[in-house]
Amino acid sequence: MNQEVKNKIFSILKITFATALFIFVVITLYRELSGINFKDTLVEFSKINRMSLVLLFIGGGASLVILSMYDVILSRALKMDISLGKVLRVSYIINALNAIVGFGGFIGAGVRAMVYKNYTHDKKKLVHFISLILISMLTGLSLLSLLIVFHVFDASLILDKITWVRWVLYVVSFFLPLFIIYSMVRPPDKNNRFVGLYCTLVSCVEWLAAAVVLYFCGVIVDAHVSFMSFIAIFIIAALSGLVSFIPGGFGAFDLVVLLGFKTLGVPEEKVLLMLLLYRFAYYFVPVIIALILSSFEFGTSAKKYIEGSKYFIPAKDVTSFLMSYQKDIIAKIPSLSLAILVFFTSMIFFVNNLTIVYDALYDGNHLTYYILLAIHTSACLLLLLNVVGIYKQSRRAIIFAMISILLITVATFFTYASYILITWLAIIFVLLIVAFRRARRLKRPVRMRNIVAMLLFSLFILYVNHIFIAGTLYALDIYTIEMHTSVLRYYFWLTILIIAIIIGMIAWLFDYQFSKVRISSKIEDCEEIINQYGGNYLSHLIYSGDKQFFTNENKTAFLMYRYKASSLVVLGDPLGDENAFDELLEAFYNYAEYLGYDVIFYQVTDQHMPLYHNFGNQFFKLGEEAIIDLTQFSTSGKKRRGFRATLNKFDELNISFEIIEPPFSTEFINELQHVSDLWLDNRQEMHFSVGQFNEEYLSKAPIGVMRNEENEVIAFCSLMPTYFNDAISVDLIRWLPELDLPLMDGLYLHMLLWSKEQGYTKFNMGMATLSNVGQLHYSYLRERLAGRVFEHFNGLYRFQGLRRYKSKYNPNWEPRFLVYRKDNSLWESLSKVMRVIRHK
């Protein structure tokens with residue numbers, strides 16, 4: 001049997017044992033708890049002195065400082081260049097995390113390796129020392145177990161109840177001398193032979209400190225037993241929790257304590273309350289302190305230190321590849337810690353709704369209570385809704401949280417005023433102020449699906465809150481009180497109203513205040529860039545007057561865009577120096593992220609797809625643009641006799657064509673205005689991706705006109721210079737609708753011939769929307785659906801007719817795409833683009 005098979009068998013046996021033990025613990029614990037009167041437990045809790053609780057929580061938080069001695073020993077043994085204060089802070093955070101999700105201490109060992117590897121040259125020795133610390137966590141318990149084996153502590157009652165623990169006790173006791181001998185014979189560092197002994201002493205003191213915390217919990221709930229009997233129960237319970245491999249020993253530890261105190265005649269209700277207080281004081285309080293420390297300890301300074309550390313080695317294999325993300329993970333720890341704290345705060349104060357309801361039922365002034373209850377619940381829900389925003393470092397989410405904290409403080413002050421809770425709210429408020437100053441964005445993008453999800457989640461939470469309050473009142477036999485006049489009558493709807501008012505006010509203030517933040521470069525900068533680097537088929541639309549511009553720092557490239565509904569809709573590809581496009585887009589995305597906007601690109605080519613992909617985008621094919629090769633275009637030949645017939649017909653009717661160069665006279669503009677108004681027929685002009693009839697815009701390029709015998713303008717088209725590849729395009733094409741003549745054909749033919757004479761080689765006839773989209777069954781569903789629209793909705797919008805019309809000029813079809821964030825909705829993105837196009 002090779003080593004690999006042995007390891008697999010050992011792993012299977014270990015998992016099987018842990019699972020079987022867990023099932024046994026759950027079943028036994030359920031049987032023990034089923035007979036407990038929870039109402040009596042709540043009554044016992046109400047009798048506890050609040051100052052005793054404060055002392056308990058302080059003691060629970062302070063007890064974990066002892067574990068920091070591990071890291072002090074480690075840093076001194078390896079001669080790390082790290083201050084004692086930093087060691088204590090980092091160690092406290094690691095140990096608090098390890099206590100909750102320790103898995104036998106392996107989580108803590110992994111975090112230690114990640115943090116301290118940047119402070120030492122000898123990584124191998126660091127791993128050896130951390131392994132020694134990991135094992136020594138058991139040796140302290142082993143030392144205490146020896147005291148039971150030699151009958152210093154009497155554990156006969158509990159050992160008779162749980163016989164299998166006796167064997168665990170003997171094995172663990174025997175482990176101590178082996179560890180001490182091994183650590184002294186083969187130490188990680190020959191100059192530190194007694195490190196194993198030091199760590200064992202730290203471990204022993206730490207277990208005793210935990211025992212003192214639990215004993216104090218027993219004193220608080222009036223569960224008096226002798227300390228010698230108690231310590232024996234605690235040691236066996238700790239061993240059971242350690243063997244179970246369950247984080248924190250949850251279940252196994254509690255079961256042994258419950259059975260042990262039961263044998264000593266302590267009521268189960270008191271034991272349960274004692275365990276709950278212990279879990280809160282020894283686990284929850286240190287985690288809260290660790291989260292607060294994390295919000296200060298692991299910030300931008302830590303990230304900069306790691307990036308500049310001479311010990312930081314680039315990733316070369318799988319392990320180092322994962323570790324290469326550590327600086328990003330560490331940078332997110334403060335916001336993650338604060339988000340968790342806000343989440344816990346929300347949950348705790350949701351539970352405190354019950355206190356307000358309980359007091360209100362016995363008070364004649366129901367109105368005041370039910371308004372305060374609605375405010376309290378609204379604030380708790382707002383805290384919960386903004387947890388993700390706080391993690392994402394959104395200033396708007398932090399402001400929501402700060403307002404919620406203030407509202408909860410007011411409600412707390414006027415109802416169940418508690419100095420502990422108000423102090424806690426003050427701490428969270430200060431942390432939110434610090435987070436607000438560090439925040440890297442004003443707000444997150446507002447998306448329809450997020451709004452719907454938020455509404456559904458809010459309704460669910462409010463419903464659960466109602467069920468919790470009603471169920472608790474029923475369990476406490478309070479439902480006999482008449483409820484029709486109580487605070488619960490209009491509570492739900494008032495809560496929704498308060499939430500809507502707060503969200504509406506803050507959202508409006510942010511949009512109003514920061515709508516002025518949007519920056520726009522000067523059009524002169526864009527003109528200079530186009531003159532130097534060239535343009536594209538859309539570059540002339542910088543003169544349309546409905547766009548803003550974003551340039552890079554060196555002003556060698558720019559984008560033209562427009563804001564709509566928390567999105568920046570960009571028209572076409574970037575313009576300018578292609579080498580600057582990466583820098584330009586990165587700056588633009590940073591700008592959009594800071595303001596909380598989505599970025600959407602409309603009508604881009606396939607030339608820069610890799611660039612857009614690098615920014616986490618996906619694509620949707622909008623259609624194809626018809627580009628005519630003027631070097632191959634001609635009206636001669638059998639296939640072109642239709643073109644010649646059209647031109648001959650206009651000649652017979654004495655309809656002429658000419659190109660008018662700017663500046664234009666007022667009379668000429670008025671003639672064009674007359675044709676444009678009749679052609680529009682009171683329809684609204686489109687914007688953004690096309691030009692509009694505007695004298696300033698039209699005066700930027702020549703205009704082709706067709707005149708009748710009376711020299712009156714009957715049709716016109718505006719030119720769009722592209723400033724690249726000898727190409728030209730047309731924008732507005734309008735004619736008198738009452739004339740039964742192929743005026744659009746006439747304009748196109750004359751423009752094509754004129755452009756060819758002027759030396760242009762390409763002519764852009766515009767896009768055929770949804771053309772050649774989703775034609776294969778391998779295409780995305782959204783594109784296949786768009787393709788069906790192209791085929792079957794020709795009566796609603798002439799998709800096919802437009803392509804057929806342009807196809808007779810034998811163009812080359814070039815695809816055009818919509819580019820949008822991968823976590824955004826296609827239909828929402830298309831909707832925003834259409835709103836930009838159809839509204840000025």
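Cβ coordinates come from backbone N, Cα and C, glycine included.
Feature annotations, courtesy of Swiss-Prot:
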TOPO_DOM  1-8  topological domain 'Cytoplasmic'
TOPO_DOM  30-52  topological domain 'Extracellular'
TOPO_DOM  74-89  topological domain 'Cytoplasmic'
TOPO_DOM  111-128  topological domain 'Extracellular'
TOPO_DOM  150-161  topological domain 'Cytoplasmic'
TOPO_DOM  183-200  topological domain 'Extracellular'
TOPO_DOM  222-229  topological domain 'Cytoplasmic'
TOPO_DOM  251-271  topological domain 'Extracellular'
TOPO_DOM  293-337  topological domain 'Cytoplasmic'
TOPO_DOM  359-369  topological domain 'Extracellular'
TOPO_DOM  391-394  topological domain 'Cytoplasmic'
TOPO_DOM  437-450  topological domain 'Cytoplasmic'
TOPO_DOM  472-489  topological domain 'Extracellular'
TOPO_DOM  511-840  topological domain 'Cytoplasmic'
TRANSMEM  9-29  transmembrane segment
TRANSMEM  53-73  transmembrane segment
TRANSMEM  90-110  transmembrane segment
TRANSMEM  129-149  transmembrane segment
TRANSMEM  201-221  transmembrane segment
TRANSMEM  230-250  transmembrane segment
TRANSMEM  272-292  transmembrane segment
TRANSMEM  338-358  transmembrane segment
TRANSMEM  370-390  transmembrane segment
TRANSMEM  416-436  transmembrane segment
TRANSMEM  451-471  transmembrane segment
TRANSMEM  490-510  transmembrane segment
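Between the transmembrane segment (53-73) and the transmembrane segment (451-471) there are fewer than 3 Cβ pairs closer than 8 Å, counting only residues 6 or more apart in sequence, so the two stretches are not in contact. Residue counts for the topological domain 'Cytoplasmic' (437-450) under DSSP, split into helix (H, G, I), strand (E, B) and coil, are 5 helix, 1 strand, 8 coil. Residue counts for the topological domain 'Cytoplasmic' (222-229) by DSSP state, with H, G and I taken as helix and E and B as strand, are 3 helix, 0 strand, 5 coil. Of the two recorded stretches, the transmembrane segment (451-471) does not lie close to the transmembrane segment (272-292), with fewer than three CB pairs under 8 Å once pairs fewer than 6 apart in sequence are set aside. Across 129-149, 272-292, 338-358, 416-436, stretch 129-149 shows the highest tally of CB pairs under 8 A with the transmembrane segment (201-221). Secondary structure of the topological domain 'Cytoplasmic' (74-89) per DSSP, as helix, strand and coil residue counts: 10 helix, 0 strand, 6 coil. Stretch with the largest number of CB pairs closer than 8 A to the transmembrane segment (338-358), among 129-149, 272-292, 416-436: 416-436. Across the topological domain 'Extracellular' (111-128), the DSSP tally of helix, strand and coil residues reads 15 helix, 0 strand, 3 coil.
Distant neighbours of the topological domain 'Cytoplasmic' (222-229): 153-154, 215, 261, 264, 266-267, 270-271, 274; these residues of the same chain sit at least 6 beyond its ends, with a Cβ under 8 Å from one of its Cβ atoms.
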